[in-house]
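To start, the structure itself, in structure tokens.
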Amino acid sequence: MEINKAASKTRDFKLKGLNILSALKGKLAFDFRTVLPVTSVLIAIITDVFIPNHKNLKHPELMHYRYFLYISLFAAVLFTVLSLFIKKIRDRYGYRGYFLTGVYIFLTFLNIITAKLLLLPQIYFPSIARIFEVFFDDTKLLLTCIGSSFMLLVKGIFIGFCLGMICGIAIGWSKRCNYWIFPIIRILGPIPSSTWTPLALVIFPNAKSAAVFLIAFGVWFQITVLTCSGIKSVNKAYFEVASTLGARDRHNLFKIALPAAAPTIFMGFFNATCSSFVALMAAEMIGCKSGLGWYVNWQKQMLAYANVYAGLIIIAVFCYVLVTLQFRIRDKLLSWQEGIVKW
Amino acid sequence: MVEAAYKSTGAISVRNVRKEFTDTKGERVVALDNVNVDIYPGEFICLIGPSGCGKSTFLRLIAGLITPTEGEIFLDGEKITKPGHERGLVFQDPTLFPWLNIYDNIAFGLKVRHIYKERKKEVREFIRLVKLEGFEKALPHQLSGGMQQRVGLARALVNNPKVLLLDEPFGALDAFTRMNMQDELLRIWKERGTTMIMVTHDVDEAVYLSDRIFVMTPRPAKIETIIPVDIGRNKKYGRKRDSADFLNLRSKILRVLNFTGKEIQPEYNI
């Protein structure tokens, strides 16, 4: 009896201990993938610090890349620690672990073949530090360029979107408009908008408005085509049901056709945004005196390739942000089609 | 014969109606020929017959979605020329608007008719009537087939139509859900006194629900006979499914369908 009691006591104790452990275990967890980025950043730092720069490297004094790595290390360690405690961070950061690791390995590789070994002509392939330096040196100009490009893009997309919606609805909804406008779109639409450059430069008073036209043109075509096809392919039964519920023509258009076509219209908007980047870059290279496209082109002519790369990085981030923003809006507006359409 | 004459409106008169379509080869096809029939207010009618006999065409003519080639159709003495809210329509596929939630789907008719503010209460009422409380915010694709069909019913009924046209509304449902829905439909019918015109392939369903059955035959597509269902209704307003009268009537209808010399093709979608 006595022994039994004692045994049960120890078992209780053990159980309690286990409970605490498992409670902690529920809170605290370790995912090895969260350590990988830290390791790779460390490797990058070690490479940068201990391998000497090539003796012919220009501007070996620039430390931007190293500071960037230090900040990266701090962030990586912070996330690794946080992910011990917070499940959400652990899952997301862990999931991205391999990718981030890859990024820093790639940077290290770049660092080695440029600054350390100078395997490539440095005028075309400057060191990472020099590219990063541009962000600090040229901040003001770059910001103006971002602002200018953004304004061009917004104006172009807005005008193109509005006109595209009007044309798309007209063609999709009315047989007569379809008869008159559709052939014109068939002929004009597929012409790449940059081809219009010579004409645009003549018609419009300045390069900026010509650029807006070129962007708007591409957007207009995409939106028109997809709005029209979206409206035409709406399930006829929706219109039948709606009209037996008392809907009139305008209800059928605004309450049935447009919402039903919204996913297709959004697809058109996405395509249009992507093609508008192309049009923007083309437009800015023809005569504008600011903008990201102009910046890259101008720096190329100056043989300032570090600035070219910096410009390209900014363009990439710029487009990425705009596209992401658009996806967010789509998810909000079209949440009803979750589980119906996959992108 | 007319058991539920709560409303004095909802009478349909079909006069010498003929409907032709042009098929893909450009030839004229007669979808419905020489139809003359009267449907009384508050009556429950089932249209039965094999495919291609013009059942759906008949329904769509009454709905006003298509117009007859010859002849006229009247609702309470007024000629039907286009779709209207006084003739509600429910398809086999509930065709709910996927971008609207359940509440907005049901409120759609009231909103487009600009009477939503005054009759807001009725939306809730119909949600309760079809037992979908708590699903107001759900989206159509989140609901089961039976629930979606109930939303479709409520959406048509909230307009308080004089006539409700049902095109195989329970065809896609399993047998059990179907029987439940039949009883619910009858309850609503008794409560509202709406004239019901329902297309079905299911002889049992027709006998269970209707006051009169229009048996239709293809080639030539027409109403072959009208069979009154003179069987007392039970407390759920339906008929006792295993009574001798029920079974007799059932075989009578099957005989009528066979009498035409055409094979009966069962089209149960269970």
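Heads up, the Cβ atoms here are built off N, Cα and C, so glycines get one too.
Where the annotation comes from TrEMBL, it is an automatic prediction and has not been curated.
Annotated transmembrane segment per TrEMBL: A:28-47 (among others), in sequence order. The list of residues near the transmembrane segment (A:28-47) in space but at least 6 beyond its ends in sequence, with Cβ under 8 angstroms from a Cβ of it, reads 66, 69-70, 72-73, 76-77, 79-80, 83-85, 87, 90, 93-95, 97-98, 100-105, 107-108, 111-112, 116.
Among the features that TrEMBL reports, transmembrane segment is placed at A:67-86 (among others). Within the chain, the transmembrane segment (A:67-86) has long-range Cβ neighbours (under 8 A, six or more residues past its boundaries) at 27-31, 34-35, 37-38, 41-42, 44-45, 48, 93-94, 100, 104, 132.
Summarising the annotation, TrEMBL assigns transmembrane segment to A:98-121 (among others).
Annotation source TrEMBL lists transmembrane segment at A:141-172 (among others).
According to TrEMBL, the feature domain 'ABC transmembrane type-1' maps to A:146-326.
The transmembrane segment annotation in TrEMBL covers A:184-204 (among others).
Counting same-chain residues at least six beyond the ends of the transmembrane segment (A:210-231), those with a Cβ under 8 angstroms from any Cβ of the stretch are 152-153, 155-157, 159-161, 163-165, 167-169, 171-173, 182, 185, 188-190, 192-194, 196-197, 200-201, 203-204, 257-258, 260-265, 267-269, 271-273, 275-276, 278-280, 282-284, 286-288, 291. What TrEMBL lists as transmembrane segment is A:210-231 (among others).
The transmembrane segment feature in TrEMBL is assigned to A:252-282 (among others). Taking Cβ pairs closer than 8 Å, the transmembrane segment (A:252-282) reaches residues 149, 152-153, 156-157, 160-161, 164-165, 168-169, 172-173, 193-194, 197, 211, 214-215, 217-219, 222-223, 225-227, 229-231, 233-235, 238-239, 242-243, 291-293, 296, 315, 319, 322-323, 326, 330, 333-334, 337, 341 in its own chain, all 6 or more past its ends.
Per TrEMBL, the feature transmembrane segment maps to A:302-323 (among others).
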